[in-house]
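Database features, via TrEMBL:
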- His180: active site, proton acceptor (ACT_SITE)
- Gly12, Ala13, Gly14, Phe15, Thr16, Gly17, Asp36, Asn100, Leu123, Ser124, Asn125: NAD(+) binding site (BINDING)
- Arg87, Arg93, Asn125, Arg156: substrate binding site (BINDING)
- 7-147: domain 'Lactate/malate dehydrogenase N-terminal' (DOMAIN)
- 152-306: domain 'Lactate/malate dehydrogenase C-terminal' (DOMAIN)
Amino acid sequence: MAFTRRKIAVIGAGFTGATTALMLAQKELGDIVLVDIPSMEKATKGKALDMLQASPVQALNVRITGTSDYEEIRGCDLVIITAGIARKPGMTRDDLVATNAGIIRDVSEKIARYAADSYVIVLSNPVDAMTYVCYQTTGFPKNRVLGQSGVLDTARFQTFVAQELNVSVEDISAFVLGGHGDEMVPLIQYSSAGGIPLDKIIPADRLEAIVERTRKGGGEIVELLGTGSAYYAPAASVVQMAEAILKDKKRILPSIAYLEGEYGYRDMYLGVPTILGGNGVECVIELPLSATEKAALDRSARSVKRTLGMLAGV
Ligand SMILES: NC(=O)C1=CN([C@@H]2O[C@H](COP(=O)(O)OP(=O)(O)OC[C@H]3O[C@@H](n4cnc5c(N)ncnc54)[C@H](O)[C@@H]3O)[C@@H](O)[C@H]2O)C=CC1
Ligand SMILES: O=C([O-])CC(=O)C(=O)O
């Protein structure tokens, strides 16, 4: 038996897709197929070739190709969906729902046709609802369809806490749950700096300000960029999830996972702590929550349900 390299498709070769492809390559996680629409095919091939030409410099043994032909995703182990429009200043993620639902349905049908055994991570917004659309359209089992939000939201929270304390980001551990919107729930009781609970070393009003900044973290970048949304930290986040699955790391990471009663929610996707390994979402971890945290998570879940309701008409 010969060993072969993993094959990963990144659908959507825009800011997040191209950055994700480069970061996947830099970790040598597999050969990469970057896919976009036919009118973007030349540019997609150009980006792939440019990345490939970085491989000798960085000593990376990967193939990177660009295409608009879904035949080329045949045999992919993992597909990352970044296709769709991004918001601009003044927009919410929900403003993207009608356009992106159509795109995700189209892309998901093709994934089901050409890469029927793959695992799929969705990035496109509004991501909790788009992950649900992908799950319904592919018909894949729930462990093989997940979405990215919590790794990024947690990373933003960790960044702000490390800045506040002037300590290494490596020493901040944290968890952010819920939908990827302004109602997300940073869990203070499960967050610490070098093992010290955050509420013991950060004054309550400063901690509240950090929580608020985290909730609006995506919007802060949208306002600063002016033309689109974040892509470096989102790409790093989805690559961490991809690595956990492809290397069967069994990492405890937040994922947007399908819920069947966990935390009291059914038939929806929501950001929760999970174990990510070779079987995708191997387990949803149910943390005990305080009454305030559960109420906040309920608010966030209701907001995701409202977005799912918008899908009925599109
Ligand atoms: N979940 C998260 O944490 C994050 C989600 N996002 C979301 O990711 C999505 C992509 O963002 P960017 O890469 O910045 O946008 P972008 O506009 O730079 O790239 C999107 C790409 O998707 C392509 N595309 C559109 N329809 C397609 C189809 N049917 N098949 C293949 N490709 C298609 C477009 O041609 C474009 O190249 C947005 O919806 C954005 O809101 C962005 C950052 C974080
Ligand atoms: O804010 C946006 O539209 C993009 C995104 O999801 C994020 O950066 O968290």
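Glycine is treated like the rest: Cβ placed from N, Cα and C.
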If you count Cβ atoms within 10 Å of each one, which of the recorded positions Arg87, Arg93, Arg156, His180 comes out on top? His180
Rounded to the nearest Å - Cα separation of Arg93 (substrate binding site) and the residue listed as 'active site, proton acceptor': 9
Listed in sequence order, the residues of the same chain lying six or more positions from Leu123 (NAD(+) binding site) whose CB sits under 8 Å from its CB are Thr16, Thr20, Ile80, Ile81, Thr82, Gly147, Gln148, Pro234, Val238
By DSSP assignment, list the helix, strand and coil residue numbers for the domain 'Lactate/malate dehydrogenase N-terminal' (7-147), in that order. 72 helix, 25 strand, 44 coil
As a check: which entries in Gly14, Thr16, Arg156, the binding-site residues, place their Cβ less than 6 Å from an atom of ligand 1? Gly14, Thr16
Filtered binding-site residues, from Arg87, Arg93, Leu123, Asn125, Arg156, whose Cβ is under 6 Å from an atom of ligand 2: Arg87, Arg93, Asn125
In this predicted model, the domain 'Lactate/malate dehydrogenase C-terminal' (152-306) has a mean pLDDT of 97
Fill in the CA-CA distance, Gly12 (NAD(+) binding site) to the residue listed as 'active site, proton acceptor', as an integer in Å. 20
Using a 10 Å cut-off on CB atoms, tell me which of the binding-site residues Gly12, Gly14 is the least crowded. Gly14
Within the chain of Asn125 (NAD(+) binding site), which residues six or more apart in sequence place their C-beta under 8 angstroms from its C-beta? Gly84, Ala86, Arg87, Arg93, Leu96, Asn100, His180, Ser229
Would you mind checking how many other C-beta atoms are within 10 angstroms of the C-beta on Thr16 (NAD(+) binding site)? 27
According to DSSP, which of helix, strand or coil covers Arg156 (substrate binding site)? helix
Would you mind reading off the Cα separation of Asp36 (NAD(+) binding site) from Arg156 (substrate binding site), to the nearest angstrom? 29
